[in-house]
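According to TrEMBL, the protein has these features:
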TRANSMEM  12-29  transmembrane segment
TRANSMEM  49-65  transmembrane segment
TRANSMEM  77-95  transmembrane segment
TRANSMEM  101-120  transmembrane segment
TRANSMEM  132-157  transmembrane segment
TRANSMEM  177-195  transmembrane segment
TRANSMEM  221-243  transmembrane segment
TRANSMEM  263-282  transmembrane segment
TRANSMEM  294-313  transmembrane segment
Amino acid sequence: MKQELRLKTGVAFSVFIASIILPIAYTYFSSVNQDVSDIILSYRFYRSVYTVLAGIVLASSGCMLQSTFRNPLVDHHILGVGAGALFAVYLTILIHGYSSMFIIALAASAGGLLALSLSVGIAEVMSGSDAAYVLSGLGVTSMFSGLSILLLYYVAPRYGLASLMLTGSFVHSRKEMMPYVLTPAAVMIISYFALAKKMNTVVIGDDYALQLGVNPRRVRLTTALIVGVSSSLIVSIFGMIGFIGLVTPHMARLFLKTSDNRLITPLAMGLGSLLLYVTDLFSRTIAAGVVGEIPAGAVTSAVGAPFFLTLLIKRLRGV
């Protein structure tokens, strides 16, 4: 049993580390072989780093929300965090323009937390069931998405890349964005080490967690704040990228055959990084040669939505 646990732990962390090293190494050496300019090399490097870091944030966000709310159908996108953050970004640009990344990030965090609070609050008032969370999240997402589209007509002339944020894109990756991407990724990794064991107790049940001295309400509040702010920071820069946080925890559980957050979270982080990097690579190479560059968020939504519907049907049928 211990040997199997060590093996699963090794696999999880190996995938996590490889997901960070391989995309960056591939980007660097492929660019060097093409003898591209330093400007292009720098752009490709930061773009690759950002996809990896964003994948870490979104995947770990899904693990945290699914564990603490004991609901396999939720992630930051389903609960409206992305839509709320994007609305706040558009509103801030409309009022102040895109003059300060710090103000944009602050507004996005507030918008994301507001949307998350609304989704969870409405779901608990309804019944607190899996379906209630999905329905309330879809309602909040629709509301903020509709408001964002209305604001886009006024925001687009002030910020040319605003329309890309609706579907999520890494096309505008710049060096100055690093602190706003690296910080949430670091926070999520630190939170994993601090909260993984506590999340395991909350998954089993609140009574069990209390018996072990873990306050489930505090764990849920802490994870909600961390996920809300961290995922909102990603949205404030790259826009809405959905379903990475929903799909990767399930892939990790399926592969490791366990729900232990100490194992599935690092593996989900690695899978999230690789999926987002491959998606972005596909959109800016293969797809770009046919129809032009496709936003990464559009690809993840196209792939993730059928997966979500399958999960929803199975969950409602009790399969």
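Cβ from N, Cα, C; glycine included.
Nobody curates TrEMBL annotations by hand; they come from automatic prediction.
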Taking the transmembrane segment (263-282) as the reference, which of 49-65, 77-95, 132-157, 221-243 gives the largest number of Cβ pairs under 8 angstroms?
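Going through each listed stretch, the top one turns out to be 49-65.
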Cβ pairs under 8 Å with the transmembrane segment (221-243): which stretch of 49-65, 77-95, 101-120, 132-157 has the most?
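That would be 101-120.
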Between 77-95, 132-157, 177-195, 294-313, who has the most Cβ pairs under 8 Å to the transmembrane segment (49-65)?
177-195
Going along the chain, which residues at least six beyond the ends of the transmembrane segment (132-157) come within the CB cut-off of under 8 Å?
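Here the qualifying positions are 69, 71, 73-74, 77-80, 82-84, 86-87, 90-91, 93-94, 111, 115, 118-120, 122-124, 126, 163, 166, 312.
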Which residues of the chain, 6 or more past the ends of the transmembrane segment (101-120), have a CB below 8 A from one of its CBs?
69, 76, 79-89, 91-93, 133, 136-137, 140-141, 144, 176-177, 180, 224-225, 227-229, 231-233, 235-237
For the transmembrane segment (177-195), could you work out the same-chain residues 6 or more beyond its ends whose Cβ comes under 8 Å from its Cβ atoms?
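Those are 46, 49-50, 53-54, 56-57, 60-61, 64, 101, 105, 219, 222-223, 226, 229-231, 233-234, 236-237, 261, 265-266, 269, in sequence order.
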